[in-house]
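Here it is, the structure in full.
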Amino acid sequence: MVPPLPLLLLLLLVPQGGHGCQGSELDREIVLAKVRALFLDALGPPAVTGEGGDPGVRRLPRRHALGGFARRGSEPEEEDVSQAILFPASGSRCEDEPAAGELAQEAEQGLFTYMFRPSQHMRSRQVTSAHLWFHTGLDRQGTAASNSSEPLLGLLALSSGGPMAVPVTLGQAPPCWAVLHLAASALPLLTHPVLVLLLRCPLCSCSARPEATPFLVAHTRARPPSGGERTRRSTPPLPWPWSPAALRLLQRPPEEPAAHANCHRAALNISFQELGWDRWIVHPRSFIFHYCHGGCGLSAPPDLPLPVPEVPPTPIQPLSLVPGAQPCCAALPGTMRPLRVRTTSDGGYSFKYEIVPNLLTQHCACI
């Protein structure tokens, strides 16, 4: 018996992507393969640019990159380094009052006291090198004439236990100046809120000129991450990004296992990165793909009224367009919704808005 023509037309309009005649569990790769086929059928293959011919390896310019300014994998990561110059705090110069008399007396003894206040930013970083510039007022001939068993310059740091020696080495410096490079063991001193240095120079005099003010130069870099932060940074990213729709999908109350055996609308969060098209389809980054899945048994749908006691239930027959045909869980004709996407074929210099029709299922039934 040949079915009427309207029934045949309606049968042809039923989407073939319902996945309803599969088993109780549907493999994710099967759904992804179906989604790829639907996109390629609607949009065609992505444009091939470059010698490689792989649209997945094209990179968007930084101004078009989604999710912030991501670094390219081929570029080395730039190290976070900085340089800071510290001048002595007030009261550490010869012209300051009332400390002028005390400093002049110390200068006669060849001892100069300077107080530095490292910033909070510097204290939060790792100091890699530091050197103190001090105006000695001595030319090279005077320095050579003062050579003796006692060193010309010595550096002390004031601590809770009293002054302690700071290991330093003399570096190259212009005339009338001395550069003292702090040893690595003394670098943690610059991570304290207050640093008091005592410089011993028997032949030096205290100068009140602004251009003779000593200063401290420090080079810093970001501290290496701790064990917990390193673990979090090394954790590989999720294969697909989170979205509000995916979060709502996870927050749904759990369903009975039997409900998944019957015909129902299933959902799957799919990202274009997972499909290998994140450089072709740039928006949205992910979407919830709804499809029909499950068997078409004779159990009553959950929205039907409960049976009356002592009254035999009436068997529920599934909707079938063709008499004698096996019903299949599929989307109702006319209820499919499209998906709007934004694509690029030149690495992000131009965009195209396209529509994938009949992609998202709204209602499922046994047909």
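Any Cβ shown, glycine's included, is placed from N, Cα and C.
Feature list, courtesy of Swiss-Prot:
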type     : residues      : note
SIGNAL   : 1-20          : signal peptide
CARBOHYD : ASN147        : N-linked glycosylation site
DISULFID : CYS263-CYS329 : disulfide bond
CARBOHYD : ASN269        : N-linked glycosylation site
DISULFID : CYS292-CYS364 : disulfide bond
DISULFID : CYS296-CYS366 : disulfide bond
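Mind running through what each feature is packed against?
Cβ neighbours within 10 Å of ASN269 (N-linked glycosylation site), excluding its own Cβ and spanning all shown chains: 18.
According to its DSSP assignment, CYS292 (disulfide bond) is in a strand. For CYS292 (disulfide bond), the count of additional Cβ atoms within 10 Å of its Cβ stands at 25 [all protein chains shown].
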Checking your reading of the structure: which of the recorded positions CYS263, ASN269, CYS329 lie inside a 10 Å Cα sphere centred on CYS366 (disulfide bond)?
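Of everything listed, what lies within 10 Å of CYS366 (disulfide bond) (Cα to Cα) is CYS263, CYS329.
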Can you grab the distance from CYS292 (disulfide bond) over to CYS329 (disulfide bond)? Cα atoms, rounded to a whole Å.
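On Cα coordinates alone, these residues lie 6 Å apart.
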Helix, strand or coil at CYS366 (disulfide bond), per DSSP?
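Looking at the DSSP assignment, CYS366 (disulfide bond) belongs to a strand.
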State the Cα to Cα distance, in Å, between ASN269 (N-linked glycosylation site) and CYS263 (disulfide bond), rounded to an integer.
20
Using Cα coordinates, what distance in whole Å links CYS296 (disulfide bond) and CYS364 (disulfide bond)?
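With the alpha carbons as reference points, the distance is 11 Å.
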